[in-house]
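Read the structure below first, then the notes.
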């Protein structure tokens, strides 16, 4: 580490960059070159030094370097980074300490670094004003660009701008050089942007290029320069670019899916959208214009006559739009279709294909490109209801299926995949920055340590001489490090630290070592490293606001606050050292919370920090605070005693000498949990301080009696005081004079009388009841504001005004009293108080300006009072925090978004503005600019904003009509993809990430909450007291009632004892042990006095044990990890006590950490109670009933009781039988189905009606019977404790009541009718019967509390906008309409209400009416906001708002244009934030639920989980028998040809080509094209048939064993049949070309063969994995739709047909209702369906209209029912169910990506088996050893082993069975081990795979391996050695013999013998060689004994196998 700091950091580390420095660098470079002449590039990159990331150009200088000497600012200095030691660079630092790095070579070949010109340029460049100037220029330039038609003088301004930019570039080029070296001008990509902008400016100026406006738009790119100037933006842009890269796979998949769907659409709907209703041609001859003149010369009775005949021209007639049928107010003619379920034409019209397509001809499926556009529109769900309605009208309702598929698979899946990918890219980016930061931190820490050690050593030498303190300095040293180090943490960094902590926790759990022991963890924000002044922040809840304390001396607390940060299970607080030694409880989670500054236990034994007992695990909060606060409470700081205040309330824990209980005799702390007697801003009141001082200080003094203790304490104290003083100085933000000023003027404590007054006021204002009262006032005030409406009576208005004055008074009084009680200085130290002050001031200002016109907006500031609720409402607090947190992170993103919006708005204005003006008549009938145009900047901005909201198609049609298709498509698509899909998804990703579970931890313990809770507690206590008194009174007056007395006694007792406990805050253990009761009143710890102290709990938690956040005893982290370990079993007197306390702990621990629920666990936490599978029914009644009414107790042993019991048992058996259940399910389905028939035609179908009536009775009787049976069988107790049974019960009741009413003849009563509609709930009973749905519903029920919570918060949030809307728009939406034409009168004709009334008096056609959805009261305001937030129907509301003038005035076109901004702001906060918050909460909640269910997917049943797991690991495949190669030579050749990969791929290419030819088809193609296409198609059919035939020849009957082949076969047959019978099929079925589209499915197969397609495979795999869960959610959605459809039919069947309700889309029949509801599932078009239902009285509708064929009168709707119906449906389907869908996809996507990231994927295993099949054709699962080498080489990477691989294979030590065979699993394991390396996971995988393999292959004979390859090799080698030895021995013997013979026959032919001997030796050698080769080749080289053992076994198995085969045949 020391090496990275080249120079010791500090001010002396800077040196001027001089010629000598340059020479030195050159010398070093030369030396290096001499050392290695050819540097190895690669090597260098890998292992060489890296540039120090802290010293990068553009970053600020780390503050470890101290201040820069002023003479060195803006001067060239030597580079500080050791990496650049031999590179020609130097750095320059400006005043802000920013680092600029320059190349030391000559710029432009002439300017050396020492050239005065270059020096000046550098000075200018690094000056902060320079970038400011550029920034201002850019902004001014942007303002000029927004001018739509700029005046002439702006030309000169343009030149000025160009000049400034040129100047900037020149300065940069002179200072940096142009492009050759590093750090020159063009090396920075952002400068390329400048360069191009400037070049274009000059080019357009001097060269005439024709279309200048297009080029002028390039100037817009200058806005992008802001990005390069603002540092934070670059990172966000980086993230954006990353996510776009990541999106490539999704984009490919999306385009592919859309193409497939577009092809299907093309085939299905080609030309359909041109079907129009055309008038029947009249018979008279007046239609001359449509007739063709023909001159006919004919022979008439022999005389030639010339006659002119008129013939009718059909074609031109049908094209004439005058004869088409138009609905009023619609631009396009009415569509129709010729199929029975399509739209019909009115009388006198016929359906003909004529004219152009709808929407200027842009909406159609006529060619592939238009179809693709339509599908893209469907996918982004923009105005798709229109496309849906048009298509269904033209083609028929059955085609709804097509839309269902596209919406669910295309839209939901693909769009959310984009979200998932963007979110993951963001997450990765985050991870990277976190890791980098962590690394930096470690380095930085080491530097600090070094510096500090020196300083400390010096200090310590002076301070103490005693050897006994040798250990302290290090501790103190660390403390002071922290003091100078802990910069203020931003909330973001706190979050980052939390994330890091999580990561580290995971690492440690997975067996990490304690390597980051005393690593000091600190915020990552770059600037925090370089802050000069350090301030400590108490990091209480996730948000870090600073708190100041009641006296300047309390800085101690601030150390405590940050050092011992009170976060729960804080893994690393700001500052954490782990006791490195033999830490007793080191395996626990809080090991590094030991803030002990002592290194090992021995030293802790008698230290100030009282060590804890072995294995005792405390809640982390306790462990931290106990230690820390004891350390601080022991010595008075500056003579005053202060207890520690942390944000969890005040915990003052003091060590006292308690009885040594543990064998070791360690001291145990006594723990007292004090209630936070703190006022709002955390200051401790005087009285409390006094009390606490007296109560706790003496204990610690006793503790310190021991001299050694005292001495040690004092030494620590001194060191701490030093630290503290340093801290104090460093914490002060302002110059000291300000502190003096504030001490004198802002702290009022001069006169003692005043102090008394202050004290009294303090007691009053700080009382919890006052808080409660204020909260109630806030709620009341909000109600008062929400009561405003239009029209209001004078009196009501007066009441509201007075109310407002009263509330303003109350809040003002509160503020002033608080200021008196707290002093202004401390009052304004707290966020909430500043907020209060701000609001009060505004209210007072508003009262003053009440009568000023146009300032009514100030009234809306009152609404901010609502936010005061956040103090006492955790969820709201959390929401505001999340918005706060994300605004930080989103700030940059919002800027980027703003820049993008700006750029596109300007581009649009420049490119299309003129066209809108010129061609306006094309898009507007009156030739006036429409509302949405691009002629000026504001409107252009609105269009871009609208596109971001997802509405692009309508504005794009207009644009395409006026400005040409290509340009408009390009611009709009870019905005859509860049802005909407990427940036907005990044927005969502950020929101979701700030939503991570820890943020939701039911808001962190906030002392603010306590006040309310204390107040509520007191009320509870008061009530309990009154009850007790009443009981006592009763007891005295009626002595007889002894029983009551007995019941009350324990309660009474408990209360008395509690009072004792309360009175004495410092509970001494001996005396008050009996106070220690847990909530049930059982004493929990009399046994030993050991861990009792922890449970001394005071007042309020008796009542609110769980929901009192100030009590930090009970916050285990999750249900799975409660504090059982805390409770040492010996502490409990009995088993039962232990159990009980465990239960208590469990209850408290599930105080639902991660959810937004505040109290208790979610309702449906327990799985649904199923009746036990015993055949004995349970008791009928509850215990209570039996005790009260003795008659319920029946003996079942004899007589009637026995008969009754037998009856119950019989019933129980019946009910438990599967058939019974099946029958009931069948009945439920039938009765639900029956409801679907009750549509408007039921009265005309008499027989069906009668049948239904009888059926209804039958069903009711059956269900009643079922209910009775269950009552008898299960007993009331079981029946009525099951939620599902209650559901059944209520639904049966409804049927029963309506049945009785019918029998009594009351069926026409209104109440009974509405009850009948409740029968629609019948299908709900199916829920409990279908497991799949029940699972989803349980998950949903679990989420309901948090969903409701968020819903409430959203409502509060929206309330503010709603009240504001009422303030702005109430009564202003009224307008005067001409009832005949429906047009609004001009202002010139009608100016106000009275004018309109005059018109009405004169003639009847005018009417003064309101917009249906308006802001006249808060309720309607909510409805309007919902329409705006879902972007449906928002246009009408916005138009009305923008046109409004004032109450009772006629609106004028775009009168108050800037009202658009109200909606823009609402959309950003109300829609983007709150609706996405919904998604966040739901996803978060399901993850919570998932954890609870043990990480399993909660949307799946057991069966589906099995499927899911099978999908997850396909590794369970066994080697299959390949299709045997046919013996016939010709067949064999074909077989080889067909089975090659090339053949497959070529077929795929053919399929794609076939698709292309299908894409070429259009609706209006000529006959010539049609014939060519049909021929091409014929060729394809021949080719595919050929493929089919070839495969049939080669694969024989095996062809049909493969699914894909059957699929191909069917398609081919269909194509052939289709070719011959095309006409017939066209007529009766869908067009046969569709079957060709299905072939595309085969492309899925090819993905496996393409290496690059891995990403796409992952995406498809994620889809496959999501299917089971998505199916369940789909089922639930269907059920909801079904119920709502039936409800809709019974309520809205006869509504007037207008707006969205017409002859096809209505609630008249079940089918139509379903079609409507499907469309609303995505919230599309619900405003249109709601509008007619809001008609409640004439003249909007006619209540007496007769509906033919029905007894119902009138066509009015029921507004309240309608609003409830639609709003509830949207919340259920759109917000909840659809978001569940998203949650599943996100989840599975992350799982799938994790899977694909593993080194070995399923595909690799599959490839292994595919290759295996070739080597093991009989699927024996074994392979001979000699084949193995080839096999290993044949595999594909990563498993393959290229030859030569014999040695590697031998080294793998593979087990072999007889016959030298190796099992496939063993090989697979060995190979995977090679890829993954040795690890524990490997063994787990092995076991898993073996189990799976055994399961899938019961046939695997468990051959015992006899040997292994390694053993075999060793045996072979040994054999060779033995043989050699033996041969040598032989040889020796022979030689001996030979020599003996030789000696004998010495004289006879000696020479001859020598030759013989040579030959002999040669022969022996030869022999051994052949044997050697033999050995390696031989396979039977194992000793005979082995063979003998295994042969019979093997033979036996082989024989068995043959027998089995024979049997099989």
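Note that Cβ sites are derived from N, Cα and C of the backbone, with glycine treated the same way.
Because the structure is a prediction, the values reported are computed rather than measured.
In Swiss-Prot, the entry for N-linked glycosylation site among 295, 1378, 1392 corresponds to 295.
Range 1542-1560 is the one annotated as transmembrane segment, of 1542-1560, 1732-1750, 1789-1807 (source: Swiss-Prot). Swiss-Prot marks one residue of 211, 301, 1403 with the annotation N-linked glycosylation site, and that residue is 301. Swiss-Prot marks one residue of 338, 892, 1788 as N-linked glycosylation site, namely 338.
Both residue 793 and residue 923 are recorded by Swiss-Prot within identically named topological domains, on the same side of the membrane. Residues 1363, 1366-1367, 1370-1371, 1416-1418, 1447 of the same chain lie 6+ residues outside the topological domain 'Extracellular' (788-797) yet bring a C-beta within less than 8 angstroms of a C-beta in it.
Helix first, then strand, then coil: DSSP counts for the topological domain 'Cytoplasmic' (236-245) stand at 10 helix, 0 strand, 0 coil. Ranked by the number of CB pairs under 8 Å to the transmembrane segment (855-874), the listed stretches 769-787, 1251-1276, 1572-1593 are led by 769-787.
Secondary structure of the topological domain 'Extracellular' (1305-1313), assigned with DSSP and counted as helix (H, G, I), strand (E, B) and coil, comes to 4 helix, 0 strand, 5 coil. Mapped onto DSSP classes, the topological domain 'Extracellular' (385-397) shows 12 helix, 0 strand, 1 coil.
When the topological domain 'Extracellular' (788-797) is classified with DSSP, helix, strand and coil residues number 4 helix, 1 strand, 5 coil. Across 189-205, 769-787, 1251-1276, 1542-1560, stretch 1542-1560 shows the highest tally of CB pairs under 8 A with the transmembrane segment (246-269).
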